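Trainee: Pulled these features from TrEMBL for this protein:
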type	residues	note
DOMAIN	A:68-286	domain 'ABC transmembrane type-1'
TRANSMEM	A:15-40	transmembrane segment
TRANSMEM	A:72-93	transmembrane segment
TRANSMEM	A:113-131	transmembrane segment
TRANSMEM	A:137-154	transmembrane segment
TRANSMEM	A:187-208	transmembrane segment
TRANSMEM	A:271-294	transmembrane segment
Amino acid sequence: MKNSVNKKAEHANQIALLIIKAMVGVVVLILMALLGYILITGIPNVSWHFLTSPSKDFGAGGGIVNELFNSVYILIITLVISCPLALGAGIYLAEFAKPSFLTNTMRTTIEVLSSLPSIVIGLFGYLVLVIKFQFDFSIISGAFALMFVNIPLLTRNTEESLKAVSHSQREAGWALGLSKWRTILKIILPAAVPGLVTGIILSAGRIFGEAAALIFTAGQSTPVISYANWNPFSSTSFLNPMRPTETLAVHIWKLNTDGITPDATQISSGASAVLIIVILSIILLSRFLGNYLYKKMSGTK
Amino acid sequence: MTTNETVITTKDVRLYYGEHEALHGINLDFQKSQITALIGPSGCGKSTYLRCLNRMNDLIHDVTITGSFKIDGHDIYRPQQDVVSLRKKVGMVFQQPNPFPFSVYDNVAYGLRVQGIKDKKIISQKVEESLKQAAVWDEVKDDLTKNALSFSGGQQQRICIARLLAVKPDVILLDEPTSALDPISSAKIEEMLLQIKDQYTIIIVTHSMQQASRISDKTAFMLNGDLVEYGDTKKIFLNPEQEATSDYLNGKFG
């Protein structure tokens, strides 16, 4: 009797496991197919020339150097703006906020903001930043729009990383005579660094691939820029934050909607491959760095 | 035994979590160069009482404390009392060893740096001194730059004690410091406490009756937020006045 019950349970176990494995298989297969398609069709179009020459409006043989640089530049500016804000908000939520109507509202707002479609953020950015504040289509407008994409993710990440630091660490700080603020700054934040870094890098991956929020804020074209002009106030400088800019992701979108160069398809697939490779490297970097820092902080290394 | 000066005086200590009274008027005094053990079943309020002495309960939401707490004649709950300087004077060791995720050296040097001591010579001298005092120097001296978390629990706890001793407190509060440790580590900590007790006022919350009887000069038995009996450890263990005390010591409840 007992034996048959055991057998039945074992059967059910095996069937459940099989179904779960099949589901995982389907998911992995879809993702691998997508990734494989992008890489296989894209990589043959990637060459040194492709990576180092500017794009062309007409005629074949354009590259993506400006788009690649723009993506990195706008990413850096976005992180510079959003990291301190998200850090502050995350510290408040994790360490100071008492459960109240206000903090609940804050959390809900952050959740809503994090699930907002990025095209909505883009249009909002267009109305507020481009029109109202007269930033025009510029790197700055784009960076602020991306800030809205980024802040909810980073705030959540900060809050969770800080909360994951054991309460006993806080007590250790207080018992040594450190003020609450000093305990956070000198003990909790350093201990949370692995989680914080992982979160920032992952959000960087998300930003790097963002297109919809940028189309109406950063613009869809890049003026002629010079990489020799280091004066950020000069209109031809590559560093000028007020110039319109086209990022890699926007470039891909543009090529596929109104690209008129004969090799638009090839450039688009090459650019997609580059985009995916960069994002993959960002994710791998965050894994590696997060693990490394965690080991360093937890003394297992 | 010579009579020692009384360092801490507490009178009619009551503590409320919201409306609920958790401590019902505790009167306890503590003397210098003595180890006082607080014993009693879980939830009797001994840890809660202990945490009043360095105002750690201030950090808990919705706690009200009444009564008088005097350390060296000063009311530690007076409005102008600086909590930070109080906690430097009254150090605390916790049940779970909680070294910071830094090197052993940085852990022990931490309190010194917070106090604004910058002279590296003085810091490293004090680090060595404190680690020796905490009886962990021989085990860590070759690995001072190693992360404190990579050591065993017993070593971590003694590193935490060294971190505390480095800032030269007058009073040391220990909240079940050995309950997460193996017997050998516990014995090392007990021995160490006996060695340093002359210079400090030590109060230890413990669940181990053997520990209380081995190391303490005085013992206070608490039950359900009341102080039942307080006196010399020998007297409490051999000849308790209250029935509840003898029942607890004989393992009838707890």
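Keep in mind that glycine also has a Cβ here, set from the backbone N, Cα and C atoms.
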Trainee: Go through the chain and flag residues at least 6 beyond the ends of the transmembrane segment (A:113-131) whose CB is under 8 A from any CB in it; none is fine as an answer.
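Mentor: Same-chain contacts beyond the flanks: 137-138, 140-142, 144-145, 148-149, 151-153, 156, 210-217.
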Trainee: At a C-beta cut-off of under 8 Å, are there same-chain residues at least 6 beyond the transmembrane segment (A:187-208) that contact it? List them, or none.
Mentor: 71, 74-75, 78-79, 83, 87, 91, 95, 146, 149-150, 153-154, 157-158, 160-162, 164-165, 169-170, 172-173, 178, 248-249, 275, 278-279, 282-283, 285-287, 289-291, 293-294, 297
Trainee: Verify whether three or more Cβ pairs under 8 angstroms connect the transmembrane segment (A:137-154) with the transmembrane segment (A:15-40), leaving out any pair fewer than 6 apart in sequence.
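Mentor: With fewer than 3 qualifying Cβ pairs, these stretches do not touch.
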Trainee: Report, as numbers and ranges, every residue of the chain located at least six residues beyond the transmembrane segment (A:137-154) whose Cβ falls under 8 Å of a Cβ in that stretch; write 'none' if there are none.
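Mentor: Distal contacts: 70, 73-75, 77-79, 81-83, 85-87, 89-90, 110-111, 113-114, 116, 118, 121-122, 124-125, 129-130, 199-200, 202-203, 206-207, 210, 213-214, 216-220, 240-245, 247.
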